[in-house]
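Over in Swiss-Prot, the protein carries these features:
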| type | residues | note |
| --- | --- | --- |
| BINDING | 11, 12, 317 | NAD(+) binding site |
| BINDING | 153, 154, 155, 199, 212, 213, 235 | substrate binding site |
| ACT_SITE | 154 | active site, nucleophile |
| SITE | 181 | site 'Activates thiol group during catalysis' |
């Protein structure tokens, strides 16, 4: 039995809990605790009702200082300092740190010092962590000695399996990526102050360029592409699901059919459950609650002069990523 604690019960934290239960209930993983500064009543309410993902089909209620999900009692804490959390007493094997705030080795060591066996960040972390994992691409590098791991980002998990597949087939020279990301909590409902002047503007009224470290994150997973990719990102007025526009140049001459068939083979083979492929006339909302890291829209693949390839891919940046958090947790524990 893998005992996990969730630190930070926001979008990803809640989706991890729901994904664990809705996937058919992995009997080998049990959530024993959640640490969140919000009111317990709000935590219960937002577990039961979700604007993007609908009603949770399991009953959820407060039970003293715990949350009862079905018949499972989950201890609730509201502790600012992770060093004060009772991970040792609870026998926590892995802390899923979903705060989006912590990301350094020193941050993770607070959980370890409190008795947790391992820590998995739900976001890009500093370079001094033991490993950064994109499940399906490099989770095999886990040896069991890693105690502090990052699950990278939703966009890294979306694009890296595609890049790795196409490089293996056609040898990529370089590329650019545009992330078209749904709005996030760090944006404003109406115009308000923010250190990033673009983010002072109402999220529902504009397409808003934002900074991204996606290219650097990609290099950490695929170091042979250091300096070969650049990325930009915009936020759009939707609340979930992200599109990614990938352009690459390849050494081998290719056609649209070559590219699409390579991705279809990967989706049926080594990347089954991670990569999906469609040629249906779908829009972003159709990928809501999709557990894949990436879904290729084969109708949008383009090839120019046999070497320049452009394609469109989708991901549910919440649900898909939450499922990868659970996959990486299993891989960390299976490694030892």
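Each Cβ is built from the backbone N, Cα and C atoms, and glycine gets one as well.
Within 10 Å of the Cα of residue 153 (substrate binding site), the following recorded positions from the list 11, 12, 181, 317 place their own Cα: 317.
On a Cα basis, residue 213 (substrate binding site) lies 21 Å away from residue 11 (NAD(+) binding site). Taking every pair among 11, 12, 317, the residues recorded as binding NAD(+), the greatest CA to CA distance is 10 Å. Of all residue pairs in the substrate-binding list (153, 154, 155, 199, 212, 213, 235), the one with the greatest Cα separation is 20 Å apart. Checking Cα-Cα distances from residue 155 (substrate binding site) against the recorded positions (12, 181, 317) with a 10 Å cut-off leaves 181, 317, in sequence order. The Cβ of residue 212 (substrate binding site) lies under 8 Å from the Cβ of 155, 179, 231, 232, 233, each of these being in the same chain and 6 or more residues away along the sequence. Counting in whole angstrom, residue 235 (substrate binding site) lies 5 from residue 181 (site 'Activates thiol group during catalysis') by their C-alpha atoms. The Cβ of residue 213 (substrate binding site) has 15 other Cβ atoms within 10 Å, all protein chains considered.
Sequence-distant neighbours of residue 154 (substrate binding site) (same chain, 6+ residues apart, CB-CB distance under 8 A): 242, 315, 317, 318, 320, 321.
If you take the Cα of residue 12 (NAD(+) binding site) and the Cα of residue 181 (site 'Activates thiol group during catalysis'), they are about 15 angstrom apart, rounded to a whole number.
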